[in-house]
Amino acid sequence: MSGQGKRLMVMAGGTGGHVFPGLAVAHHLMAQGWQVRWLGTADRMEADLVPKHGIEIDFIRISGLRGKGIKALIAAPLRIFNAWRQARAIMKAYKPDVVLGMGGYVSGPGGLAAWSLGIPVVLHEQNGIAGLTNKWLAKIATKVMQAFPGAFPNAEVVGNPVRTDVLALPLPQQRLAGREGPVRVLVVGGSQGARILNQTMPQVAAKLGDSVTIWHQSGKSSQQSVEQAYAEAGQPQHKVTEFIDDMAAAYAWADVVVCRSGALTVSEIAAAGLPALFVPFQHKDRQQYWNALPLEKAGAAKIIEQPQLSVDAVANTLAGWSRETLLTMAERARAASIPDATERVANEVSRAARA
């Protein structure tokens, strides 16, 4: 499907969970001849990341309202109005055929600006429970899609766009069937790490002994303290890295993952075909719990919520999974994934632009 001459503006910012799926869709459409620009904020990760992908970015000034003081809330309508004016001026100059909102504060003023100019607004909700911005924008959107069922009652479930190197991994049967020796446990707390996993997993390693080998992503500035915790637990042999650049290689190595359940992490683990022990971040709306629930229901994962997390709970869960069980869970994870999510989102963007 050629997009020659068509123009898309992607609105996404703040976290990798919003930005990376947006980049996947942008690259897919650029390969079809689309022109793509990005709407973001200058002080968040998209400011550095998006230009590295060969995409020009425009900035508006906007930030979140949750947890702000009364003065900030009083000033909020004016700030939103100014951000809307900035976004509207950018869109009047660029003249996109369609805008794609992938979440983050920038999507709010951007979506309203597009709607006020008669530009179709397509939304994608990455999480199992809808964010505030997308809840508002859904009322004016041309099309609403969701990664997991339940965020919106009638929205199409299309999955989350994930990186092509993860999608290219061999299927679980090819990867895991012949494996022997200690079970390979990948511990991931997101790019910032997760203090609770950094504190718990060295003690889990001590309980499980030689039955596991662990690769632990500690997050920024925590590598030394986590290595020390493993050494003090009598388990210095395990690998601790601050950040994992090649997640596809880490998934290929692993037999099971112990991790938080951010939307992109859950979708990548399903696409890779891996069993998981999820420890959702304790957010007010339990967003990460709802992200992980479909894989637990599919028999591909177990959720331990943070108040119930203990060394024994993790150790007993991992010890209870034989290699045969892990392979069955891995196959269920892969079966629950939506590997063509990028294409599905891109197709809806194309349809909205032609309507």
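Each residue, glycine too, has its Cβ placed from N, Cα and C.
Residues or ranges marked as UDP-N-acetyl-alpha-D-glucosamine binding site in Swiss-Prot: Thr15, Gly16, Gly17, Asn127, Arg163, Ser191, Ile244, Ala263, Leu264, Thr265, Val266, Ser267, Glu268, Gln288.
Feature map: annotations from Swiss-Prot on the structure.
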| residue | record | Cβ neighbours (10 Å) |
| --- | --- | --- |
| Thr15 | UDP-N-acetyl-alpha-D-glucosamine binding site | 19 |
| Gly17 | UDP-N-acetyl-alpha-D-glucosamine binding site | 23 |
| Arg163 | UDP-N-acetyl-alpha-D-glucosamine binding site | 17 |
| Ile244 | UDP-N-acetyl-alpha-D-glucosamine binding site | 16 |
| Leu264 | UDP-N-acetyl-alpha-D-glucosamine binding site | 24 |
| Val266 | UDP-N-acetyl-alpha-D-glucosamine binding site | 32 |
| Glu268 | UDP-N-acetyl-alpha-D-glucosamine binding site | 25 |
Coarse DSSP state, helix versus strand versus coil, of Glu268 (UDP-N-acetyl-alpha-D-glucosamine binding site): helix
DSSP-derived class (H/G/I helix, E/B strand, else coil) of Ile244 (UDP-N-acetyl-alpha-D-glucosamine binding site): coil
For Gly17 (UDP-N-acetyl-alpha-D-glucosamine binding site), the three-state class that DSSP assigns: helix
